[in-house]
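Read the structure below first, then the notes.
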Amino acid sequence: MDVLAIGDKVHDEARQGEAFSPFANDPNRYSKHFYIESYGCAMNFADSEVIASILNNAGFGATRNVEEANLILLNTCSIREKAEQTVRKRLTEFRKLKERTPGLLIGMLGCMAERLKAQLLEEEKLVDIVVGPDAYRSLPGLIEEAETGQKAVNVLLSREETYSDIAPVRIDSNGISAFVSIMRGCNNMCSFCVVPFTRGRERSRDAYSILHEVTDLVEKGYKEVTLLGQNVDSYYWIDEQKDETVTFAVLLEKVALVSPELRVRFSTSHPKDITDEVLHTMARHENICKYIHLPVQSGSTRILQLMNRTYTREWYMAKVDRIRELLPECGISADIIAGFCTETEEDHQDTLSIMRYSGYDMSYMFFYSERPGTLAARRYTDDIPEDVKKRRLQEIVDLQGQLSRASNEKDLGKTFKVLVEGNSRKSDADWMGRTSQNKVLVFPKKSMDEQLKGTYVMVKVTDCTKTTLRGERSK
Ligand code: 5AD
Ligand code: SF4
């Protein structure tokens, strides 16, 4: 299961098992409490903040203590089978708690709720509420229904819902980085992907509400926003007041202009949609981070066609060239799938060679997992044996390790502006921050009571591993 904490990137599988719980400032203000865990992409974590807001208004405070909860919510992911298995396991753990806690309600939200719908109520006797990604406004009503002993379901997808008027509750964040959702759904129809079925049609959020949310975050002291969407480059909104078309490049610029002190990131880009205009906008603004997550999925044109990615190997390579030309300092990362239907050793070698060509700083790597209902499940046979998938994935992981190390070694001796996020995970004597390229840079504190969290510091890189840079303050 992909589980992610604020500040991490979309689809961070390294953080498995962690729970996210938006926690009410003053839980005693509420007579009822909800406990929420989020799995999957950053979009789900952003949604949980919207859900927290809706529930606060309905009289539920958040709690991190599951024993104290009247309502347990799992905001789930369906992207790979493993993601769903983790949630099922978690549900069985909550079974015991439900048996000894009269009145405790359990709700399943998000992509798995959408995919399995009412089937969940019969199958998983412990789920009382099932709510899809576009139906969170109906949660308070569904909870009331469930409180009377009925099973409550709303999995209607919408063509309009963007929750634009709901101010997310960011109680569990580090106070420095926040996700801002700019669009929902996806129209791409990659053949392996369940998202178009679980999150519905693509729609863009009102640009004014996005800017309002970002301005509010800056006023509250946040230093970094990540604009989120399944495919941010196809953001498209018409400002009828000004008769202006707001593309992603235009939106990015508007967000960058909110404050020069605010770092702006975005995820995820589709290689077919990211435009020169976006790259030029990134070049113009120092505070737009020089980092692009550009999922390649495969390096073989034949496989890319079967995946319905709508670009070729050469097109992708030309995009990488263009990024390097316009943004020489830009970090690039990718998502890669090993062992898609019919993949040959030659196709796999094409994936390894495009990785070398692109010189990814980092990748999220998966083996293909067939998802019911997707185009690939209907059209192709999942014919690559599991041991072959795993061996190919291991070769991809090993190569990425070499590329990440080489990328970090190139940074030795360079000085970076780092946004300090807090203590290093390994030692309280060190600070941890990120470069514009999204690399983690650790450096020593001058004293244990030094206050640097949320500030920018210039740090010279003196040492590295394949995952982390280490350095010394340059001033
Ligand atoms: N099997 C394996 N990986 C998948 N992804 C999406 N669907 C599947 C699947 N069925 C990966 C893609 C995508 C990332 C979010 O998850 O690489 O970019
Ligand atoms: Fe998982 Fe995709 Fe849904 Fe995100 S949008 S939770 S990655 S299935």
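Numbering starts at 1 and runs along the chain as it is shown here.
Glycine residues also receive a Cβ, built from the backbone N, Cα and C atoms like all the rest.
Here's what TrEMBL has on this protein:
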type: DOMAIN; residues: 32-148; note: domain 'MTTase N-terminal'
type: BINDING; residues: C41, C77, C111; note: [4Fe-4S] cluster 1 binding site
type: DOMAIN; residues: 172-406; note: domain 'Radical SAM core'
type: BINDING; residues: C186, C190, C193; note: [4Fe-4S] cluster 2 binding site
type: DOMAIN; residues: 409-475; note: domain 'TRAM'
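Here the domain 'MTTase N-terminal' (32-148) has, by DSSP, the following mix of helix, strand and coil residues: 62 helix, 25 strand, 30 coil.
When the Cα atoms are compared, C186 ([4Fe-4S] cluster 2 binding site) and C111 ([4Fe-4S] cluster 1 binding site) turn out to be 13 Å apart.
The Cβ centroid of C186, C190, C193 marks the [4Fe-4S] cluster 2 site; residues of that chain outside this set whose Cβ lies within 8 Å of it are N188, M189, F192, V194, V195, P196, Q230, given in sequence order. Distance between Cα atoms for C77 ([4Fe-4S] cluster 1 binding site) and C193 ([4Fe-4S] cluster 2 binding site): 12 Å, as a whole number.
Proximity to ligand 1 (Cβ under 6 Å from any of its atoms) holds for these binding-site residues out of C186, C190, C193: C193. Among the binding-site residues C111, C190, the residue whose Cβ has the fewest other Cβ atoms within 10 Å is C190. Under 6 Å, Cβ to nearest atom of ligand 2: this is the test, and of the binding-site residues C186, C190, C193 it is passed by none. The two recorded residues, C111 ([4Fe-4S] cluster 1 binding site) and C190 ([4Fe-4S] cluster 2 binding site), show a Cα separation of 17 Å. Shown are the binding-site residues C41, C77, C193; the one with the most C-beta atoms within 10 angstroms of its own C-beta is C77. There are 22 other Cβ atoms within 10 Å of the Cβ belonging to C186 ([4Fe-4S] cluster 2 binding site). Reduced to three states, the DSSP call for C193 ([4Fe-4S] cluster 2 binding site) is coil. Each residue in the domain 'TRAM' (409-475) gets a DSSP state, and the totals come to 2 helix, 33 strand, 32 coil.
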